[in-house]
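If you check TrEMBL, you get these features:
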DOMAIN    A:84-298  domain 'ABC transmembrane type-1'
TRANSMEM  A:28-48  transmembrane segment
TRANSMEM  A:83-109  transmembrane segment
TRANSMEM  A:121-142  transmembrane segment
TRANSMEM  A:172-194  transmembrane segment
TRANSMEM  A:215-239  transmembrane segment
TRANSMEM  A:277-299  transmembrane segment
Amino acid sequence: MANNSIELNVQMEVEKVRNKRKDWGLKWYVFLIPSFLGILLFMVYPIFESLRLSFYQSNGTVEHFIGLANFKSVLSSNSFWNAVWNTFFIGIFQIIITIPLGFIFASIINSTKRGQNFFKVLYFLPNVTSIVAAAMIFAFVLHPEMGIVNYVLHAIGLPAPGWLSDPSTSKWAVIILAVWHWIGFVIIICLANLQAIPSEMYEAAKIDGASGLQQWFFITIPNMAGTFAFLLITGWIGALQRFNEVYVLGGPNGSPARSIQTMGAFIYERGFTGFEFGIASAATYIMFILILVFTFINLKVSKMKI
Amino acid sequence: MKHVRKGISLSLILILAVVAMLAGCSTSDTSGKADGKWAGKKIKVQMIGDFKDKTATDPITGKKVKGIDVLKEEFEKQHPGATVDFILMPWEGYTEKTQAMITSNEADVYQMPGLADFAPQGVLEPLQPYIDKDKEMDLDKFIDSQVDGWKVLGKDDDKLQIYGLPFLGDARFIAYDKKLFDDWGVEYLSDHPTMKEVAEKAKQMTGKNPKTGKQNYGIWFRGDWSSAFTLIDLAEGQNGKWGEGFAWKDVKFNFNSPEMKKGLDWLLDMKNYAPKGLVSNQGQEKWLTKDNNVAIMMNQGPGDTIKPTYAQGLEDRIGIAQEFKNKDGKGGLFAGSPLAIAKSSKNKDLAWEWIKFATDEFAQKYVFEEVGAIPAIKAAKTWKSTKKMPLMQPVFEAMSSPWTPRYPWGSSQPRFTLTSEVEAALTGKRTAEQALEKAQRESTAWVKNRK
């Protein structure tokens, strides 16, 4: 009898806790409302509004429906394809330089016995610097006559390029800035992965007589695949959305001669300096599709599971 | 009972969240003070630039400057019962911010350099009816060309109309360093120089300075952002023009005219006497410093010239000459900031009163003496404060003779097309002729789509 009563009490208590959890489980949704409304207002609504605008000729207030004309206009615009080319050129070189270089630096830092934290901080500093401020400083660093880079090049007898004042070198100026800014992030992510590789694998390899280089090639690199895929995808998305640094260095039309105008800058130029919000919206959707396609390709290439 | 309590607390949390959100979205009180002729009337005025709320230190001169509360106090004194509030913003991104503000009916009066883009949206009040019925407003008080320069087309207009009246003045001129002219033994620029005179003097002053031994450059012009306007002025100096029309349906470009071609060839020639970085807005870093190495600066504005010159104590060293003008004495970019009334304003009469106040001597003096911006009225020419700065007189002259009305394509795609093609020519990507043909072709195609 006593046992039954205890059992009943325990059951009742369990039921109470369950109900309490159920109630509180619902209550937590209340706390999600503000951020959910924020997303709805500032992300979901603009996405649909932008889609609607892409079918209109709009100066911000007065608008009329023109069907697919904006898409036709963007897709047949040399400036747009030039912006696509610039975006891809800068993005590809940023990625193929930064990821391997960052990985090499991370490996070196990982193998050092002293000062690891110092190097981590040192390399990560550019990444926490505002890209706008960094771009302004780089304009001075790459100044054709007063810049430190050309001073060094001149001192060692190499030709001093015009950098941002020459369309043939301006993209490289942006790539140098982008590599400098992103490499700290790549190093930190690679280091995190490097430190997670079990040391037993290296010990076993050593017993089998593998050299340091062989261990790096056959243990370290294969174990980094997931990190490389992550960096590739985030790097691509960031590269395709590039705007801030090119705006600071070359204005909305990507001076000189549109040589550093990216897709983001093209959208800004047409939308906010030319009041062609329909064209800007259409270009935004085309950019969205391009990012979607290339992210999909990246996922396939890198075999990353999402 | 517990469930009921939980339900109540849940509802309370929900209500609080909604109230907090609604409070964030709500509009503020639009009623002003209770007494006086303007009792209960209130306006919001958007202002762009270096205006400050309260007294603050000017970063260039280091002097204390009065805040905009001075204008508020005086306006409210002159208009008993009225209340004026300000929304101050920097120049960065002012177009987007103004667009957002006007879409959400945020202010009654706007300082609006992009008048030509906003008036066709039908969001501004035409000012001619106010001017006609108000005897206190005399358009002759403004410096010549300033009112005409801001005439634009509204949504349903077929003739240029007044949607904004000049508040801040602006101009383009040629500035030069008299010390470098003296060092090289070259005569100063005349007040109205020709392309030939500028070119000859620039050539003479490029090389090692005979006095200091340092590298000097004869000329500098911005090869990127404003290069289209520098080129158009060169064409105007030869009696050419950018084209014609104002409404997109009437606009015809003339970017490939012989005058434009000659102007671009002149820029290509002058590039040889300029620092390397002009296409990326570089090479002029020492301008308005004691170590300056550039003799002639094309297409300069008063905002970047007058205050820094006096702040650096370089007033005896800097000279100002007019940009290239056509046979009627007109030429160069028209610029500045007018004031406009939003169509959505609930207190349009008070908004008009603000425009009258802001374009009168009290506010215009404040603009010049405290903010360091350029006034737009004739009376400014005789103020003690402007007479103390002799460089202001050629600025006033430049303000009275720009090309008017303002180029309708000045912030649209043809401007960026022409700028990019000038850059392409300056960086050797295309010849002057190819660049201008391309600019003409692309701008014509663009405007055809806008019709």
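Our numbering is plain: 1 for the first residue shown, then up by one each step along the chain.
In case you wondered, yes, glycine gets a Cβ from its N, Cα and C as well.
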Intrachain residues whose Cβ lies under 8 Å of the transmembrane segment (A:215-239), provided they are six or more past its termini: 87, 90-92, 94-95, 98-99, 102-103, 107, 178, 182, 186, 189-190, 192-194, 197, 201-202, 205-206, 291, 294-295, 298-299, 301-304
Selected stretch (most C-beta pairs under 8 A with the transmembrane segment (A:172-194)) from A:28-48, A:121-142, A:277-299: A:121-142
Tertiary contacts of the transmembrane segment (A:277-299), as residues 6+ beyond its ends and Cβ separation under 8 Å: 50-51, 53-60, 63, 66, 70-71, 73-75, 80, 84, 229, 232-233, 236-237, 240-241, 263-264, 266-268, 270-271, 306
